[in-house]
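> Questions regarding the structure given below will be posed in turn.
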Amino acid sequence: MNSLLLGSFPNKASLVAPGSYAPTTASWPKRKIKKEYNFLRFKQSSLVFRCEGIEGGPTCQECNRKHIVKATSGQSFESEPPAFDSKRILTSVKNSLDAFYRFSRPHTVIGTALSIVSVSLLAVQKSSDISPLFFTGVLEAVVAALFMNIYIVGLNQLSDIEIDKINKPYLPLASGEYSVGTGVTIVASFSFLSFWLGWIVGSWPLFWALFISFVLGTAYSIDVPLLRWKRFAVLAAMCILAVRAVIVQLAFFLHMQTHVYKRPVVFSRPLIFATAFMSFFSVVIALFKDIPDIEGDRIFGIQSFSVRLGQQRVFWICVSLLEVAYGVALMVGAASPCLWSKIITGTGHAAMALILWFRAKSVDFKNKASITSFYMFIWKLFYAEYLLIPLVR
């Protein structure tokens with residue numbers, strides 16, 4: 001039986017086909033070393049790519065091929081994170097700029113810059129006045145005023161965080177993009193920069209314009225006893241009227257007239273017109289800005305005219321005031337001794353009066369977006385007026 005069982009298994013020699021090479025005993029160590037090398041290489045590759053395999057990434061064969069290609073080209077996986085980080089940094093910078101853009105309330109920034117340039121042109125008496133000296137004086141005034149503008153609108157947002165969560169949730173402080181500490185830092189920095197620039201320029205009209213704007217802007221917003229004048233409709237309107245209609249027109253004109261050109265103080269016909277017209281416009285802005293925000297103002301006890309009189313009534317008061325202002329501007333243009341000034345200012349004010357009326361008729365008072373859009377349209381009329389003011393002669 002044993003011999004039969006043994007005879008049923010082939011011997012070692014029979015396993016080798018005729019004419020083939022039969023491995024010798026000396027070749028076995030080499031085969032063992034090669035197997036161990038292949039096993040270690042496979043184990044290393046599997047460790048490197050195990051996470052990718054678990055996450056549904058490429059297969060082991062694909063990973064090995066990728067590893068071989070990278071090793072051949074001299075690249076490593078550590079070269080990828082810097083590209084990712086640069087993209088993340090770029091996105092972060094973009095988001096930061098967007099947040100600051102909203103924080104600065106760009107429609108007020110544009111209005112401030114345009115008004116200063118326009119009023120500065122009223123001091124120009126001859127073509128030679130348009131010189132590097134003129135542009136330097138305008139730049140000094142615009143930069144210092146924009147810094148103060150950011151302080152004023154930033155302080156208002158710091159004081160109205162809870163209200164803005166209802167009225168303007170897109171603002172950085174209301175949305176949580178900015179912390180209170182960040183807001184305080186921005187506001188304090190820009191107020192300091194504004195006063196510093198006004199001081200080193202050495203123009204007293206410019207410095208007093210910044211100081212009065214600072215006082216009125218602080219009194220308007222900050223929530224301390226006897227202040228926060230925005231709670232009272234008349235005081236709120238007077239703050240905006242004083243800054244937009246009086247300070248901007250007179251102080252920045254005098255900055256150019258006395259500091260830049262070294263000329264005596266004069267109050268020309270165009271300057272008087274600009275001050276009177278912008279008084280109407282400033283009252284309209286002061287009244288209209290509260291119309292879209294009536295919900296939050298009512299909840300937090302801000303007694304604006306819109307809360308007390310109603311949205312529609314205040315809306316048509318604003319439209320009527322602007323139409324009266326355009327009517328006065330038409331008469332001023334008609335009385336101008338300069339033909340080209342008469343034609344341009346008359347045509348321009350008539351066109352804006354008609355556009356205002358037809359646009360007002362299309363406002364839906366049940367739709368906050370429609371009211372807000374019309375408010376921004378009023379700011380566009382504000383910009384357009386400052387394009388016409390230098391042409392009033």
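Even glycines carry a Cβ here, placed using N, Cα and C.
Annotations for this protein, taken from TrEMBL, read as follows:
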| type | residues | note |
| --- | --- | --- |
| TRANSMEM | 107-124 | transmembrane segment |
| TRANSMEM | 130-155 | transmembrane segment |
| TRANSMEM | 176-199 | transmembrane segment |
| TRANSMEM | 205-222 | transmembrane segment |
| TRANSMEM | 234-254 | transmembrane segment |
| TRANSMEM | 266-288 | transmembrane segment |
| TRANSMEM | 314-333 | transmembrane segment |
| TRANSMEM | 339-358 | transmembrane segment |
| TRANSMEM | 370-389 | transmembrane segment |
> Six or more residues beyond either end and a Cβ under 8 Å away: which residues meet both conditions relative to the transmembrane segment (266-288)?
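Contacts of the transmembrane segment (266-288) (Cβ under 8 Å, skipping residues fewer than 6 from its ends): 115, 118-119, 122, 236-237, 239-241, 243-246, 248-250, 253, 257, 305-306, 314-315, 317-318, 321-322, 324-325, 328-329, 332, 375, 378-379, 381-382, 385, 389-390, 392-393.
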> Which sequence-distant residues neighbour the transmembrane segment (107-124)? Criterion: at least 6 residues beyond either end, Cβ under 8 Å.
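Residues 130, 134, 137-138, 141-142, 145-146, 149-150, 153, 244, 248-249, 252-253, 255-257, 260-261, 263, 268, 270-271, 274, 278, 376, 379, 382-383, 386-387, 389-390.
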> Counting only residues 6+ away from its ends, which parts of the chain sit with a Cβ under 8 Å from the transmembrane segment (339-358)?
319, 322-323, 326-327, 329-330, 332-333, 381, 384-385, 388, 391-393
